[in-house]
Amino acid sequence: MPRRLQPRSAGTKGPQATTAAALAATSRSHPSASGDSPASAKPLLRWDEVPDDFVECFILSGYRRLPCTAQECLASVLKPTNETLNFWTHFIPLLLFLSKFCRLFFLSGRDVPFHHPWLLPLWCYASGVLLTFAMSCTAHVFSCLSLRLRAAFFYLDYASISYYGFGSTVAYYYYLLPSLSLLDARVMTPYVQQRLGWHVDCTRLIATYRALVLPVAFVLAVACTVACCKSRTDWCSYPFALRTFVFVMPLSMACPIMLESWLFDLRGENPTLFVHFYRRYFWLVVAAFFNVSKIPERIQPGLFDIIGHSHQLFHIFTFLSIYDQVYYVEEGLRQFLKAPPAAPTFLGTVGYMLLLVVCLGLVIKKFLNSAEFSSKK
C-alpha cells in the first residue's frame, strides 16, 4: 500500500531517503544496456515504482518515468497518464478565458479603450484568472522533471491562486462593493436605527472597512501561500484539507455581497449578481468536497487512475466557479461604467499586484532554499 494511503508517522522519509528513492525509481524506469528507449521499455509506472513523494492518494498506476525531460513532459499530455486530464481540465478553460478577456478588452464595442484607468481592476482580475490556469497546467505537465522542480512548480501554483484571490478582491472593491447598500452610510445608518435601535453613524465604520479591504486581502494572500507551501513538509498530516481551508479564507472578502443578500433585496435589485454569486459558491463547495474526500478513487483505488479521479473533478468545478465569477464581475463593470464613482489609480490596482508578486516570490525563494521539503501535490 502506498505511504500516501496511510497515516503519516515518525518513520516518514526525509530528504536523503527521498533522493535515494528517486534514484532507485530512476534506475528501475530506465532500460538496461539493451539499448531500448525508455518510452518503449516502460512508458508508465505503478505507485511502487516511483518515489513516495510522487505517489498520489489512491492512484495506483499511470505515473510517468522519473526524471523526465521537458520534451517527454510535453509529449505526455497526449498520452494516457494520471496527469493528462489534470492538464487538459485547466488548459481548455485557460483558452476559453483568454478568448473571453480578449473580447472584453478589445472587442466589447465600448467607448473605453483597453488602457483606460477604469479597466485597471479588470486587468488585475484577468491576470489572476489566466495566471492561475496557466500555472496549474505548467505544474501538472512538468511535475516529473525532478523533486526540486516539482516542489517549485507547485509553490508557484499556490502563489498564483493567492494572486488570483487578491485580483478578485481588487475587482470586487471597485466594481461590486460601491453598489451595495450595505456599504452606503446613507442607507445603513437609518437601517441600524430602525432594526436595532442603535443611534450609530455608520459613516466612519464603512470608511474604515473600505480602507482595510485591500491591505487585509494582501496579507491573506501572502499568508495563504506560506501555509500551502508549508503543507508540503512532513509535519502536515492532511495537506489537501489544509490547502482547501486556507484558500477559503480569501473568499471572506466577498462577505459583504452575502450580507447584502440577507439584509436587502439583492435578488430583486441585481439578479445577475445574486444568481451567479451563489452558484459560484455552490461549485466551490463541490470542488472542495472532491479535493478533500478523494472520492471516487478512495472507493475503488486503481479504477480512476487515468480518467475520473478527484483532482480532475476538482479542476472542472473550480473552472465552473470562476466562469460564474467572470460573469458577475463583467456585469459589475457594466454598472460601474454607467456612473463610475472614482477612477481607480495605478498604485491602488497594478501597484498592489506588483508588490504582491515580489512578496510571493520571496516566499517561494525561502521555501526552495530550505533543505527540508517534500514534494506532495
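Keep in mind that glycine also has a Cβ here, set from the backbone N, Cα and C atoms.
For His140 (Zn(2+) binding site), the same-chain residues that are 6 or more apart in sequence and have a Cβ closer than 8 Å to its Cβ are Glu83, Asn86, Phe87, His90. Per TrEMBL, the feature Zn(2+) binding site maps to His140, His311, His315.
According to TrEMBL, the compositional bias 'Low complexity' annotation covers 17-26.
Annotation source TrEMBL lists compositional bias 'Polar residues' at 27-37.
Residues or ranges marked as region 'Disordered' in TrEMBL: 1-40.
TrEMBL lists 87-106 (among others) with the feature transmembrane segment.
TrEMBL lists 118-142 (among others) with the feature transmembrane segment.
What TrEMBL records for 154-175 (among others) is transmembrane segment.
Look at TrEMBL and you will find 207-228 (among others) tagged as transmembrane segment. Within the chain, the transmembrane segment (207-228) has long-range Cβ neighbours (under 8 A, six or more residues past its boundaries) at 155, 158-159, 161-163, 165-166, 169-170, 173, 177, 183, 242-243, 246-247, 249-250, 253, 348, 352, 355-356, 359-360, 363-364.
The transmembrane segment annotation in TrEMBL covers 240-259 (among others).
Marked as transmembrane segment by TrEMBL: 343-364 (among others).
Counting Cβ atoms from all protein chains shown, His311 (Zn(2+) binding site) has 22 others lying within 10 Å of its own Cβ. In this view, His315 (Zn(2+) binding site) is surrounded by 25 other Cβ atoms within 10 Å of its Cβ, with every protein chain counted.
Only residues 6 or more beyond the boundaries of the transmembrane segment (343-364), in the same chain, are considered here, and those with a CB under 8 A from a CB of the stretch are 117-118, 120-121, 123-124, 127, 152, 155-156, 159, 162-163, 166-167, 170, 174, 214, 218, 221-222, 225-226, 229.
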